[in-house]
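Following: one structure in structure tokens, then a few remarks.
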Amino acid sequence: EGEKYILVSHAPDSDSWWNTIKNGIALAGDQMGVEVEYRNPPTGDLADMARIIEQAAASGPNGIITTLADFDVLSGPIRSAVDQGINVIIMNSGTPEQVREVGALMFVGQPEYDAGLAAGLRAKGDGVESFVCVNHVISNTVVGERCRGFADGLGVDLGGQMIDSGQDPAEIKNRVMAYLNANPDTDAVLTLGPTSADPTILALEEMGLAGDIYFGTFDLGDEIVKGIKSGTIQWGIDQQPFLQAYLPVVVLTNYDRFGVLPGNNINSGPGFVTKDALGKVEEFAGKYR
Amino acid sequence: MSEANTPQAGQALVDDERIKQISPLRKALIRPELGGMCGTVIVFFLFFIFAGDSGMFNAQGVMNWSTVSAQFALIAVGACLLMIAGEFDLSIGSMIGFAGMMIAIFGVTLGWPMWAAILVTFVLCTAIGGISGYIVVRTGLPSFIVTLAFLFILRGFTIFLPQMLERKTIIGGIRDAAEGDWLAPMFGGKILTGLFQWMGDAGIIATFERGNKMGQPVVEGIPMLIVWALFMIFLGHFILTRTQFGNWIFAAGGDAESARNSGVPVNKVKILMFMFTAFSAAVFAACQVMEFGSAGADRGLLKEFEAIIAVVIGGALLTGGYGSVIGAALGALIFGVVQQGLFFAGVESSLFRVFLGVILLFAVILNTYIRRIITGER
Amino acid sequence: MSEANTPQAGQALVDDERIKQISPLRKALIRPELGGMCGTVIVFFLFFIFAGDSGMFNAQGVMNWSTVSAQFALIAVGACLLMIAGEFDLSIGSMIGFAGMMIAIFGVTLGWPMWAAILVTFVLCTAIGGISGYIVVRTGLPSFIVTLAFLFILRGFTIFLPQMLERKTIIGGIRDAAEGDWLAPMFGGKILTGLFQWMGDAGIIATFERGNKMGQPVVEGIPMLIVWALFMIFLGHFILTRTQFGNWIFAAGGDAESARNSGVPVNKVKILMFMFTAFSAAVFAACQVMEFGSAGADRGLLKEFEAIIAVVIGGALLTGGYGSVIGAALGALIFGVVQQGLFFAGVESSLFRVFLGVILLFAVILNTYIRRIITGER
Amino acid sequence: MNPEKAPIIQMRNIEKHFGSVIALAGVSVDVFPGECHCLLGDNGAGKSTFIKTMSGVHKPTKGEIMFEGTSMHFADPRDAISAGIATVHQHLAMIPLMSVSRNFFMGNEPIKNLGPLKLFDHDYANRVTMEEMKKMGINLRGPDQAVGTLSGGERQTVAIARAVHFGAKVLILDEPTSALGVRQTANVLATVDRVRKQGIAVVFITHNVRHAMAVGDRFTVLNRGKTLGTAQRGQITPEELQDLMAGGQELVALEGSLGGTV
Amino acid sequence: MNPEKAPIIQMRNIEKHFGSVIALAGVSVDVFPGECHCLLGDNGAGKSTFIKTMSGVHKPTKGEIMFEGTSMHFADPRDAISAGIATVHQHLAMIPLMSVSRNFFMGNEPIKNLGPLKLFDHDYANRVTMEEMKKMGINLRGPDQAVGTLSGGERQTVAIARAVHFGAKVLILDEPTSALGVRQTANVLATVDRVRKQGIAVVFITHNVRHAMAVGDRFTVLNRGKTLGTAQRGQITPEELQDLMAGGQELVALEGSLGGTV
Ligand SMILES: Nc1ncnc2c1ncn2[C@@H]1O[C@H](COP(=O)(O)OP(=O)(O)OP(=O)(O)O)[C@@H](O)[C@H]1O
Ligand SMILES: Nc1ncnc2c1ncn2[C@@H]1O[C@H](COP(=O)(O)OP(=O)(O)OP(=O)(O)O)[C@@H](O)[C@H]1O
Ligand SMILES: [Mg+2]
Ligand SMILES: [Mg+2]
């Protein structure tokens with residue numbers, strides 16, 4: 001009872017996707033009767049994140065849940081936490097090999113590149129040949145991997161198809177419109193999260209392309225769900241962040257209490273959310289989905 | 001006092017053999033916004049050449065960069081007046097995020113009628129602007145530091161409040177909540193839709209050729225954002241050049257001590273300008289949340305720099321006392337056109353920042369040169 | 001000149017009936033870094049109470065906030081000297097990202113030996129710092145604008161170059177490339193590992209309890225980052241207070257025109273300080289990439305503000321001519337301890353910004369008060 | 001000077017403290033309409049501080065200001081200006097980046113009402129500025145010329161012209177001649193003389209005994225925040241005044257060649 | 001003055017243009033050791049510009065500067081200072097936020113070598129500052145007192161003391177007395193006299209004929225960037241000098257009461 005866990009993410013403060021994570025750990029914490037803290041580098045600087053992991057280790061928790069956003073940067077601090085006797089579970093990003101290498105117990109989530117790749121393969125199957133990837137966090141090194149994966153899945157060169165949209169919704173909207181105006185033969189739009197998806201929906205509506213152009217997005221949110229429902233968006237890739245947060249807490253608690261541990265990594269995704277399966281998603285988007 | 005010119009009292013300057021004549025044409029051209037005007041001409045010229053056939057100058061394209069420019073202009077007007085009054089505000093961006101979030105919290109989370117949410121947010125933001133202004137004039141601290149503190153404080157609350165209340169950092173559903181409200185369309189609506197429909201029907205502007213909007217004109221109407229921007233530019237320009245208060249703004253920024261001794265209520269002027277800046281940030285935020293239907297904790301990031309850049313490109317002096325609202329508006333236009341134009345022209349988008357930096361450098365060097373001619377500064 | 005004190009030449013100030021006496025104790029305490037000292041004491045006191053049992057003050061915890069503080073201190077020293085010389089640099093953060101990326105591109109993408117990559121990067125960054133300094137002193141533009149331009153230009157290249165060369169915004173594998181290099185450990189290594197091993201064995205500090213490092217001390221040694229920070233603090237303090245050049249830095253920032261008339265080579269001093277600031281950013285970047293093994297396009301975001309905040313908390317005057325390196329280092333310590341301490345204390349992390357803003361405001365108000373006493377400013 | 005008239009300003013026992021500095025320790029001075037009242041004294045004697053309390057810049061720590069017989073409390077310079085007190089401060093209150101006409105009317109803008117809006121009446125301002133400057137003997141290139149392009153002497157003249165224009169009742173000049181050349185000085189002194197003859201009260205601060213003797217009707221000497229007394233013109237010789245200004249002590253003995261020249 | 005001596009500085013046909021402004025249009029002046037050479041002239045006549053070319057702040061557009069008989073090109077003020085020319089500028093070159101001793105040695109820091117390192121010799125600086133200030137009659141609280149806490153007169157005195165200390169051969173004073181009270185002025189004039197008698201050449205700028213006559217050996221009047229000529233002491237009356245300074249024309253006619261007082 002009263003074990004203490006810390007979840008360290010790589011996301012800047014304002015990133016909305018991580019809310020679901022916060023809600024997930026809050027719920028798991030309540031249910032298991034443990035204390036879980038959420039920590040992140042305020043500006044999303046991975047070097048700061050490494051310091052936070054070190055700090056987390058120093059405060060002597062029972063376990064740490066963290067992402068492996070950049071193996072080079074984070075493997076050192078994670079390994080030394082493991083060496084110190086702290087149980088570590090990797091969530092969200094990382095590969096099974098890397099997870100093994102840092103000595104973590106297991107991995108819950110789905111690597112960004114692979115998710116992109118899966119999406120690309122799916123789009124290729126739907127006949128997509130060119131696309132534009134709206135990257136609202138160009139300087140964030142993790143999220144861009146999705147675009148690369150998608151391009152590789154399609155089997156095309158990423159080249160200039162990833163645009164740096166900035167984070168201002170009006171600018172995102174107008175940049176997407178500018179791109180589509182200048183490149184009218186673009187087959188598909190890929191957005192990397194609610195921040196870029198919401199204005200993109202408006203851009204497509206305004207250009208009369210909504211439902212006409214192939215539109216996929218990562219991560220869910222209110223507007224995305226509405227978009228899927230109305231047919232503007234073909235699919236949203238749901239990594240089910242709730243699981244990425246909830247399961248590690250449960251697993252760690254049970255491991256600490258009873259020494260039980262699942263035999264393998266857990267894939268929280270990829271879940272392609274399409275028009276057909278929207279009920280619960282709609283209800284909980286942005287909170288638990 | 002010793003930087004005295006040769007001519008003595010009683011002799012006209014122009015009679016002075018020690019000063020070469022300046023041609024009347026040159027004199028007529030030399031105005032604070034000249035740099036901005038030249039920049040605008042150059043920028044349009046370049047993009048006509050390099051992106052003329054990319055759709056940048058058809059109806060849709062024009063609306064595209066106009067909207068972006070209007071956004072910049074909206075906050076640039078506030079920042080411009082504040083800068084002329086001798087202060088500046090690094091919290092504009094955070095204020096935008098904060099204002100949007102407040103509208104969402106009041107209107108959606110707390111379920112107030114949208115007009116009430118908007119009005120209360122405006123009052124709140126303007127009051128916060130007033131507080132930072134009050135701290136600046138009372139303590140005499142540089143506004144850089146005080147507003148930097150507010151940059152962090154406001155952003156902190158913008159992230160913390162929705163998390164505490166709604167367990168998420170984006171609050172959506174604002175459009176639904178604003179349905180039927182009388183005030184909301186003042187920010188999120190479009191005007192002249194009839195005119196554009198007619199122009200579309202008459203073939204003056206293109207209509208959609210595919211998709212679910214087939215037959216409708218590519219531009220539906222003029223977004224309220226642009227209307228607000230034009231209104232604020234007009235208002236700012238009018239206040240600055242035509243009213244007593246405008247003279248006080250210049251005086252407060254030119255030399256606060258002298259202005260105070262001459263009977264200008266400098267503190268009042270500065271605090272009011274901080275409030276006006278906060279007000280324009282709130283207008284920006286209101287337009288944004290009404291158009292996009294959601295408020296996010298990351299809205300407005302770095303907008304303070306963009307506002308300052310537009311103002312400075314427009315010829316205002318960072319240290320106050322000199323500048324023009326028209327210049328700031330042109331600065332915003334240049335900024336918007338370059339940013340969108342690079343997309344139309346298909347330039348690698350991450351190079352946008354490099355262009356921005358280079359343009360900024362050239363613009364200020366040009367402006368400094370112009371200003372020295374005007375004011376006889378050395 | 002008219003702000004004359006009562007006493008006439010020939011009479012000691014202390015004999016003046018019109019000035020109340022200041023107690024010697026108060027006089028001894030009144031120094032630029034006093035605010036920083038008070039702040040440090042308060043901050044440690046508070047965290048002892050609220051986070052004393054959270055591991056914040058065990059070996060590992062101390063090393064944690066020391067490292068973070070050392071990071072801040074490294075760039076704060078450069079920013080401090082530059083600010084005392086009357087200018088400031090908004091491009092510090094972008095320079096950190098740029099420098100790291102250059103090391104990675106030279107060392108990994110182009111495959112140069114690591115020492116060459118590091119040295120060339122240092123030369124390049126220092127030269128860029130020199131260029132912005134040159135532009136500032138030649139054009140007389142405010143450094144805010146010039147370095148804002150460089151903020152965008154450098155960040156633009158930091159994103160653009162790796163994308164062009166490697167099609168990604170992060171370049172890894174630096175640790176492998178640095179294997180066996182003679183220069184790399186100067187930035188990424190640790191010293192005094194023997195001592196810490198002994199302390200671990202002797203039970204003075206905790207050791208790992210399991211895993212493949214069992215028996216080794218939790219703190220392996222002192223990272224070079226801390227060594228560099230201490231070295232830079234010492235160097236900066238020494239230059240500022242003990243050398244002729246230090247006097248020139250104060251003079252250049254206090255009043256450039258007067259200093260120039262008195263024979264101080266003001267332009268040279270300012271340009272050198274810009275170069276020094278760029279150099280400290282490059283050291284920061286080198287330590288970072290060597291420790292973490294990769295360079296990312298988002299490294300160093302907003303670090304310029306953090307540097308400026310640390311310097312200002314440490315008592316320097318934003319407008320130049322006044323400040324102390326020790327103060328800046330204490331500012332960095334406060335900043336680091338508060339940032340990490342809030343984590344240790346388990347405070348909601350989005351509130352960190354709110355704390356930061358509030359601390360900043362209080363610190364400057366306190367420092368202004370102290371400064372007015374010292375300099376007799378009104 | 002004009003004993004039959006009542007004083008327009010009476011300053012009674014004015015004290016002013018700045019933190020730990022006591023700048024004025026109880027100064028009383030009366031100023032009559034139509035007289036030129038010279039304020040003299042050492043550096044730091046408190047002359048500028050004194051006239052700043054008179055013009056509403058500082059609020060006195062203690063003491064009373066009577067304006068036209070009634071007690072006044074100026075909250076800020078605007079109050080003093082609208083009561084009819086115009087001041088040319090020692091550090092010129094001119095803003096180099098602004099045009100001459102904007103400077104001329106700074107704080108006193110002419111208003112043209114457009115419905116509820118108060119507009120700055122630029123036409124009026126420009127016309128008046130050009131006229132007033134011509135009266136002072138300065139031909140401007142135009143009313144929109146920036147003050148920064150004027151010479152020091154010209155700026156001083158603008159400041160004085162402005163003060164004369166608005167100074168309905170009292171004109172205060174704080175060391176207007178210290179940085180001026182001979183001819184500009186003569187011009188300023190002539191202006192003071194002219195203004196005084198129009199029945200306006202002038203308060204004139206200077207370090208130069210000769211300038212004071214040239215236009216002054218009464219002389220008040222301040223020393224370390226206190227008055228050493230007021231003398232009528234003709235009741236005091238320049239040498240006595242000189243000695244008083246040096247702090248009421250005999251001058252430091254100088255070389256023979258310098259005696260009596262300062 | 002000392003015709004047997006060679007001039008220490010000869011300025012020949014100095015011209016200086018600032019953009020479209022011609023500040024100096026060919027000025028020639030010789031300065032001899034041990035003389036006090038007064039530069040007089042209207043506002044904007046170019047006096048400050050002229051001495052700034054002498055002290056290395058400006059490079060002359062045309063013309064030649066001979067120092068001790070050889071042609072000199074001062075690249076910046078450091079060169080002039082190390083050649084032995086010390087200047088007190090019209091706008092004081094003092095930095096209020098810095099301590100008196102740091103200000104005193106600004107640009108001329110005493111060096112203590114520690115191996116290859118050049119250290120600022122604080123002990124020496126503090127000692128010398130205290131001594132020099134005492135010589136000028138000012139007791140500081142300590143050498144680390146900030147200049148900002150000094151009165152205007154005291155600051156002026158520090159600036160002059162500094163110039164005297166470093167001015168091995170030539171001391172240039174640009175309107176040092178304009179803002180000073182009577183006693184402070186007497187003090188400065190006495191200092192000039194003392195320095196001159198030590199054989200140092202003094203260039204002294206003022207608007208005040210009496211101050212000039214008090215200490216000057218020769219008088220050069222500038223007008224609109226040109227010399228109106230140089231006169232020896234005794235060859236010219238104060239009244240003639242006055243007229244010359246007003247631009248070579250007769251003074252504007254003033255009211256009877258003002259005549260001859262400026
Ligand atoms: N840096 C500069 N740039 C342009 N013009 C200048 C500069 N410095 C001086 N001038 C101009 O040169 C002329 C001579 O100025 P200067 O300061 O030498 O006059 P001065 O004789 O010292 O006057 P004063 O008695 O008022 O001190 C003036 O017209 C002045 O405006
Ligand atoms: N704002 C202020 N804060 C603190 N002290 C001040 C302030 N203004 C003036 N003083 C002090 O008050 C005293 C009187 O100053 P004041 O300027 O009135 O002298 P003054 O007689 O005008 O001198 P001068 O002849 O040099 O102009 C001085 O000791 C000065 O330092
Ligand atoms: Mg005064
Ligand atoms: Mg001069």
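A Cβ is built for glycine as well, from the same backbone N, Cα and C atoms used for every other residue.
Feature annotation from TrEMBL assigns transmembrane segment to C:34-51, C:63-84, C:90-108, C:115-137, C:143-161, C:218-240, C:271-293, C:305-338, C:350-370.
Stretch with the most C-beta contacts under 8 angstroms to the transmembrane segment (C:90-108), considering only C:115-137, C:143-161, C:218-240, C:305-338: C:143-161. A contact between the transmembrane segment (C:305-338) and the transmembrane segment (C:350-370) is present, since 3 or more of their C-beta pairs, 6 or more residues apart, lie under 8 Å. Tertiary neighbourhood of the transmembrane segment (C:350-370): same-chain residues 30-32, 34-35, 38-39, 309, 312-313, 315, 331, 334-335, 338-339, 342, selected by CB-CB distance under 8 Å and a gap of 6+ residues from either end.
Note: the stretches the transmembrane segment (C:115-137) and the transmembrane segment (C:271-293) are in contact (3+ CB pairs below 8 A, sequence gap of 6 or more). With a cut-off of 8 Å between Cβ atoms, the residues of this chain six or more beyond the transmembrane segment (C:218-240) that come close are 59-60, 63, 66-67, 69-71, 73-74, 77-78, 80-81, 84, 185-193, 195-196, 200, 205-208, 246, 249-250, 280, 283, 287, 290-291, 324-326, 328-329. Looking at which of C:34-51, C:63-84, C:143-161 has the most CB pairs under 8 Å to the transmembrane segment (C:271-293), the answer is the stretch C:63-84. Beyond the transmembrane segment (C:34-51), the same-chain residues lying 6 or more positions past its ends with a Cβ under 8 Å from any Cβ of the stretch are 57, 313-315, 326-328, 330-331, 333-334, 337-338, 341, 344-345, 359, 363, 366-367, 370. Away from its own ends, the transmembrane segment (C:63-84) comes close to residues 56, 92, 96, 219, 223, 225-226, 228-230, 232-233, 235-236, 239-240, 249-250, 253, 273-274, 276-281, 283-284, 287, 303-304, 306-308, 310-311, 314, 316-318, 320-325, 327-329, 331-333, 335-337, 339-341 of its chain (Cβ-Cβ under 8 Å, at least six residues beyond either end).
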